[in-house]
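Chemist: Structure below; questions to follow.
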Amino acid sequence: MAETMRALRKLEAGPGATLQEVPIPTIGPRDVLVKVRAASICGTDYHIYTWDPWSAGRVKPPLTIGHELAGEVVAVGREVTACKVGDYVSAETHIVCNRCPRCHMGEYHLCENTKILGVDTDGAFAEYVAVPEQNIWVNDKDIPFELQSIQEPLGNAVHTALNGDLTARSVLITGCGPIGIMSVPVAKMAGAEIVMAMDINEYRLQLAGQLGADVLINPTKQDPVEVVRSYTRGYGADVVLEMSGNPTAIRQGLKAARNGARISLLGLPGRPLELDLAADVIMRGLVLQGITGRRMWQTWYQVRSLYRAGLAERLRPLVTHRMPLEQIDAAMELMGSGQSGKIVLVPDLKA
């Protein structure tokens with residue numbers, strides 16, 4: 001094995017990322033060295049690349065970015081037993097402390113001291129990445145690497161959608177970014193009676209339709225509340241999966257929900273949000289759920305079962321672009337345009 005590798009690095013505060021030749025990571029006794037075969041771009045990566053206020057307050061350069069990964073194990077620490085050389089793996093990117101009360105209660109996704117791969121530690125937009133053994137997930141080898149790499153964000157969709165019963169329910173998904181779009185086939189496979197997808201981006205709406213959405217709603221052209229009620233016998237949606245973080249979409253989702261509906265909130269608003277809690281939530285008996293990350297490891301087992309039941313094949317259209325590390329600027333520009341599904345970086349792909 002060579003001693004160096006190519007990696008996309010955030011070298012200093014400010015926009016952009018630099019492709020550098022750096023040493024291949026060394027691993028400790030409980031670490032795993034993974035040769036990265038595919039790494040999909042997440043909204044978090046875009047925030048770090050563009051260097052928004054959140055990134056400026058959280059990320060400490062220099063740092064190799066990227067966290068949604070799939071690859072092959074090429075070396076393991078002497079105490080590692082969870083995987084072996086040659087295994088195909090992905091990673092749970094939340095590195096938890098195992099010491100706080102939430103970890104002690106088995107709520108690892110709510111760890112008080114979480115560190116994130118590619119945000120707080122060197123990440124996966126590189127030819128190799130070192131991952132703690134406790135974060136390794138061994139994949140079925142018949143799943144393409146690009147679909148293995150999107151399991152982490154898919155876990156967010158699964159956690160949000162399956163945090164309550166969907167059987168025979170009407171479901172409204174507000175926000176058709178990749179996670180919102182992933183929620184469409186998840187809800188369908190979970191037995192939803194009808195799945196309605198809402199976004200102002202026509203490209204993303206059509207992609208949601210390709211993945212199985214029954215109704216596509218563009219709130220700039222239609223009244224979403226009226227549309228939802230027209231498909232739900234005038235009552236409103238049984239379940240709202242809020243994936244956008246957009247204040248207007250959140251309010252529309254609440255108004256489009258039936259009395260007593262479940263509202264699962266994953267999208268992060270960029271500013272404080274004003275709601276009429278009395279009229280829109282309390283008096284209507286809505287059940288609001290804040291969703292963060294994936295349950296460790298319950299959600300990963302759910303994803304595996306769904307993949308084996310056919311979800312992997314259904315998600316193929318979501319991966320719209322495959323690009324080499326050298327094209328990170330073009331990849332981020334494309335992501336910012338909103339005219340893509342999931343963009344996957346492939347280190348072995350030639351520019």
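Backbone N, Cα and C atoms are what each Cβ position is placed from, and that goes for glycine too.
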Chemist: Asp199, Arg204, Leu266, Gly267, Leu268, Ile291, Thr292 show up in Swiss-Prot as binding NAD(+); which entry in Ile179, Ile282 does that record put in the same site?
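Modeler: For NAD(+), Swiss-Prot names Asp199, Arg204, Leu266, Gly267, Leu268, Ile291, Thr292; of Ile179, Ile282, the listed one is Ile179.
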Chemist: Determine which of Cys42, Cys83 appears in Swiss-Prot for the same Zn(2+) 1 site as His67, Glu68.
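Modeler: Of Cys42, Cys83, Cys42 joins His67, Glu68 in the Zn(2+) 1 site that Swiss-Prot records.
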Chemist: Using a 10 Å cut-off on Cβ-Cβ distances across all protein chains shown, tell me which of the recorded positions (His47, His67, Arg204) has the largest neighbour count.
Modeler: His67
Chemist: Can you give me the residues near the recorded Zn(2+) 1 site, meaning same chain, not Cys42, His67, Glu68 themselves, Cβ no more than 8 Å from the center of the site's Cβ atoms?
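Modeler: Sorted by sequence, the hits are Ala39, Ser40, Ile41, Thr44, Asp45, Gly66, Leu69, Thr93, Leu117, Gly118, Gly123, Ala124, Glu152, Pro153.
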Chemist: Measuring Cα to Cα, how far is Ile179 (NAD(+) binding site) from Cys100 (Zn(2+) 2 binding site) in Å?
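Modeler: Pair distance, Cα basis, whole Å: 29 Å.
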Chemist: Sequence gap of 6 or more, Cβ distance under 8 Å: name the residues on the same chain that satisfy this around Cys97 (Zn(2+) 2 binding site), in order along the sequence.
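Modeler: In sequence order, the residues whose Cβ lies under 8 Å from that of Cys97 (Zn(2+) 2 binding site) (at least 6 apart) are Cys103, Cys111, Glu112, Asn113, Thr114.
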Chemist: Checking your reading of the structure: which of the recorded positions Thr44, Cys100, Leu268, Ile291 lie inside a 10 Å Cα sphere centred on His67 (Zn(2+) 1 binding site)?
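Modeler: So the list reads Thr44.
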Chemist: Could you tell me which three-state DSSP class Glu68 (Zn(2+) 1 binding site) falls into?
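Modeler: Reduced to three states, the DSSP call for Glu68 (Zn(2+) 1 binding site) is strand.
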